[in-house]
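*Asks:* Pasting a structure here, questions to come.
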Amino acid sequence: MSMANPWRPGEDQIVLSAVKKYGTQQWNRVASLLKRSAAECRARWESELDPAITKSEWTELEDEKLLMLAKSIPGSWLSISSAIKGRTPTQCQERYSVIQGSQSIEGDSKEENDRIKEMAILDNLDDDKRLLEEATARLSSSLGRKAKRKQRERLESELKFLEQVKKHRKSGTSIDLRKLQGMRGLEMNTQAFDLDKKASELNKETSRISKKTNRKIAAPPLEAPHDTSACTVPSNILRQKIKLQLQKLPPPGTASL
């Protein structure tokens, strides 16, 4: 870590929260929350913030293993750290330097570094607070760009729907509920359209009845002709009727008055 631009506690908190949400493969997204590069964020995570890192004092067994590995593969701190569980390459290198006596991280040097770090934190307190608030707001949001776009489209669809309803209500025309329900993302309150629903049902019933009444009505079957043979008049009565008719006629050769 460069002392010219030390990491602040607020930045560490942002990295921890971002990694919790995005994981350890999307460092560009993590860096977008900070004034840091993706490489810086990853290095900070791997060297200091990863919960898997062991931050307790080095044990005698770890020191022995470190010295043996440093002698076998000198300078390969990444490979050495992978063989010592919970220790980072930086930790291994610094510990080896302490053991060899080439560099000490104790005493005045460490105190000076801590003092510089504390001053940097105090100088950037306001900026740190602002960054933390912005990052927290972005991380707490469950809506990504795609979800926000869909939400906006749904709201626009609802506004369009309401305008259509107002237009139909004002003109007194019927509303095609199926067409309006097809609007993307629309959630209709069906109880608000009971009158239209009832009108639609009546229209359907009227149409059904009309179809029935418009069918060709079959003519009723013709009645069978009466059997005249069943209504014969006795011959004596018939002769009397003929005789009466003849009596009413004038005698032959007589001119009618």
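Cβ coordinates come from backbone N, Cα and C, glycine included.
TrEMBL feature annotations, pasted as is:
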DOMAIN    5-49  domain 'Myb-like'
DOMAIN    6-53  domain 'HTH myb-type'
DOMAIN    50-100  domain 'Myb-like'
DOMAIN    55-104  domain 'HTH myb-type'
*Asks:* Please average pLDDT over the domain 'HTH myb-type' (6-53) for the predicted structure.
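*Replies:* It averages 90.
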*Asks:* Take the domain 'Myb-like' (5-49) and count its residues per DSSP category (helix H/G/I, strand E/B, coil), listing them in that order.
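*Replies:* Within the domain 'Myb-like' (5-49) the tally stands at 31 helix, 0 strand, 14 coil.
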